[in-house]
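K.L.:
Taken from TrEMBL, the feature active site, nucleophile applies to E99. The active site, proton donor annotation in TrEMBL covers E103. The domain 'GH16' feature in TrEMBL is assigned to 19-213. Residues or ranges marked as N-linked glycosylation site by TrEMBL: N107. Summarising the annotation, TrEMBL assigns signal peptide to 1-21.
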Amino acid sequence: MGVVALVNVLVVASFVATTLCAGNFNQDFDITFGDGRAKIVNNGQLLTLSLDKASGSGFRSKNEYLFGKIDLKIKLVPGNSAGTVTTYYLSSEGPNHDEIDFEFLGNVTGQPYTLHTNVFAQGKGGREQQFRLWFDPTADFHTYSILWNPQRIIFTVDNTPIREFRNWESIGVPFPKNQPMRVYSSLWDAEDWATQGGRVKTDWSKAPFTASYRNFNANACVMSNGKSSCSGSNRGSSSWMNQQLDSSSQQRLRWVQKNYMIYNYCTDIQRFPQGLPKECTSTK
């Protein structure tokens, strides 16, 4: 089955206070580490992260968000990227932090990346799903998105949903909904586990490794001094605030999970001999 276009179901009402659609990396992000290995160029329209044997690099958003739809175009490290990890995630701070993860695990030339996803709530993660991709993520930029609202989290790739994590607080499963999160990204060396469980190491003769970013977009509720730009009557005026997958999107999700999912914690009986997590066996 070929990739088909999705119905555009994630339209944001124009009058809600959000970040600007045409993101500028100089305005939207701070470099967090790398000692010059992270670069913002083209008048803020392009950001690159690099990794060599001495250090990786990273950045984070200036704003904190509490719900929204976050998009970022990424072109991953080409060639032999074994041992490298490119991350793109939302995270709050502190030991009981919330986090929503995309992690891209590199591989040797000609072998596919592994797209690793996870959700942390109140400091607890362990909700991994992993995928291959149906395209070469190093040949061009592709859009990786996180839709996060009080009912669910939806991971999408080029507008195709690959994962949905619902709010199961009704059965005692924590859900990230109270802590504002920043957008983070980093490129770093994880040769001890990233590629084939650490059996394939980083080839430093190929360094520096570089990933590229553009077109950041946050249609989101911005938190400032404890107040949300979506507070009061504006809270429900964005379509993503109550967004769920329509029938077409559910079909695409099933297609991805059938053909491209390579690990799902909800089917790992060996990992959970006492029974799968509650959210894995519940239905609404």
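Using the three backbone atoms N, Cα and C, a Cβ is placed for every residue, glycine included.
Please treat TrEMBL annotations as automatic predictions, because they have not gone through curation.
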K.L.:
Note down the number of other Cβ atoms within 10 Å of the Cβ of the residue listed as 'N-linked glycosylation site', including every protein chain shown.
P.N.:
20
K.L.:
Within the domain 'GH16' (19-213) only, compute the mean pLDDT.
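P.N.:
Summarising the domain 'GH16' (19-213) by its mean pLDDT gives 95.
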K.L.:
Mind giving me a neighbour count for E103 (active site, proton donor)? Other Cβ atoms within 10 Å of its Cβ, every protein chain shown.
P.N.:
19
K.L.:
Residues with Cβ closer than 8 Å to the Cβ of the residue listed as 'active site, nucleophile', same chain and 6+ apart in sequence?
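P.N.:
Result: Y89, L90, S91, S92, N118, V119, F120, G125, P176, M181.
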